[in-house]
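Novice: Heads up, here are the entries from Swiss-Prot:
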| type | residues | note |
| --- | --- | --- |
| BINDING | 86, 89 | Na(+) binding site |
| TRANSMEM | 3-23 | transmembrane segment |
| TRANSMEM | 44-64 | transmembrane segment |
| TRANSMEM | 76-96 | transmembrane segment |
| TRANSMEM | 111-131 | transmembrane segment |
């Protein structure tokens, strides 16, 4: 029985590692592409990452409530949410970029970043949850 428990833990760790690698790479490429396209004077790349991540976690969260969904079992959740989205989204970058805006004499941009990021992320997670819940139910 101990061997089976070790396998479950190891498979969960592998799911997290693979998801983390893919999520980190996706964040790097998408955030960079958005920043190059829209400019780097405002953290559009980080906002895009966090809003799309919120949308995706809404989808996965809704799917996890459906007993037949693959996201109702541990490893797909560990891969997609703990691994991929854990490395894809970033509160630390959001926080540093907001502080940098404020310290650079742009307090309105800093407040705008907070308001838009939080508002858009809450809207995105709600939309993702409603979309997936509607399709799955």
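From the backbone N, Cα and C atoms, a Cβ is placed for every residue, glycine too.
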Novice: With the transmembrane segment (44-64) as the reference, which stretch in 3-23, 76-96, 111-131 has the largest tally of C-beta pairs below 8 Å?
Specialist: 111-131
Novice: Can you check which residue among the binding-site residues 86, 89 has the largest number of Cβ atoms within 10 Å of its own?
Specialist: 89
